[in-house]
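Engineer: Before we start, here is the structure in question, set down as structure tokens.
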């Protein structure tokens, strides 16, 4: 546009809208306002409240008609806006009813039904309007139309029958119920019909309805129980029992329900038919799985406690325990303790053999899993299932061939290359002996020793041959046994004892001689003791003495010395015993003080028995003195933890050796001082005054020993003697200087 055109009057310049400025800060405002907050503020400030319309008082018919016309226009406008809003139709019809315009109200409801004829609320409001206006036939017409269109709507039938019952039209109400049950409605409808008949004491009609009801809804157990209780409540005991029996037939043995059984048994209990009740309980326990018998057990136990005898109560408890064990082994087949308890229960109650064997077969089928297959500790409980099974077949069932098969199957399943169970082999062999088949027993034990040479198997085989007096076989077995385990001292002893019992002393001595020459023995002290006892029993005292000497060359144990001295006492060689004790005392000078004290006490007892008073006094002078001392204790970390008291033994022998050693030290010190004095005299110097080094050395020696306190008498006497000796030594040294 040019400037001229813009200047022409009448032509206004066109204002273009300004371009909105771009928002630079797009961050949210610090104070946010939500829609909920806006609505709350509007309500608080009453911004949306519309003031109520003013009340009007109508006094003129024309004014009333005008008001009704306006009201109808409002309803019609609302309906035109939304025909499907059924609440508007219902309000419209109720308003017409409220002003007495029944025909108009009917017209409104009919128009509403044209819009939605399947609306239950419209039909019910329509019928209730007719009933409020006492238009019974119109209400019947509405209900008939409603149940024809929607026969499955329970509200129509209930309202219809209730209306007929209220106006005391009982045949009409019954007819409505009959029409209703033709549609096979839910259980509530049937129960309503039955309650209707019972209200008017129509027992036969109620029974008929119950029977038809069970034909339709017989799958529900509670319906049968309700029918039976109905008959019982009205005094028809036979019909009640027949109802329970029909229920049992209806469900059959495959689909039998424990609830029916419990209810039937309780019914018989109320009728004092305890045998019938007991039979029903047992029938349920025998035919139902264990997972569904808890309630039956509970009521059965209560019944037996109230009406049964001791045997019956025990039967119930046993049956309950069976169920519990079955549940436990089903949950965990490797729970061998549960299997043991279960089988023990069956055997104690003398259950049928087939049932016990079946449980045994189920139990032994639970072999330890592959992850634990090579660990013996997981087999220890399992293997006793086989043992108990075999013993049951032998001792209870008397089926010896089956017991033999059980033993063989057990031995086949054990991994003998990894480990074995000697108990199974031995039991199998003893079983064959009881069957008088000695060769089979020997063959079993021979195979066992060949596959897995265990000490227990050798001993069992040897005991068997000993009982049979087959001594040559015993010797061969002992030889094989010692080849397998030459370190077993007990085996050598048993072998030698066998030869000794047979009177072959030379062979027994040879066995002992070979045994003590073995480089490694598990218990050599037992072997040597047995060898020495053997020689003593054979009255070979010199050989026994030689054995003691040989043993003392290998060990310096105090018990060996005391045993040798006691041996000399037993043969009344007290002089020899005294020599043994003297040698032992010299040999054990550096041993523990307790061992030395034990030796001296044994020596003293020996001298008391011998009656030599001089020897006894000599031993008593060698007895130690018991003193109490203190020493410092330390923890594992080297931290001082205080002082503790302990008892120590001071032997006169040690004290004399210590005194002679101190005397030698003092002589050397005196000689050294004398040489120094002579050297000083030659040089013209004064001789050095000798220090009292002896006391200092003794103190240092006590500190080194760690003893802070000793017996008071011994310490005081030692200190006085030391002072006297030091003073005498000083005087002697002074005299020498002069």
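Every residue, even glycine, has its Cβ placed from backbone N, Cα and C.
Note: TrEMBL annotation is automatic and uncurated.
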Engineer: Need the matching range: TrEMBL marks coiled coil on one of 526-563, 564-601, 602-639, and I'd like to know which.
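Structural biologist: It is 564-601 that TrEMBL describes as coiled coil.
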Engineer: Identify the region 'Disordered' range according to TrEMBL, selecting from 1-27, 28-54.
Structural biologist: 1-27
Engineer: In terms of Cβ proximity under 8 Å, which residues at least six beyond the ends of the coiled coil (564-601) contact it?
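Structural biologist: Same-chain residues near the coiled coil (564-601) but 6 or more away: 532, 536, 541, 544-545, 548, 552, 556, 558, 607, 609-610, 612, 615, 619, 622-624, 648-649, 651, 653.
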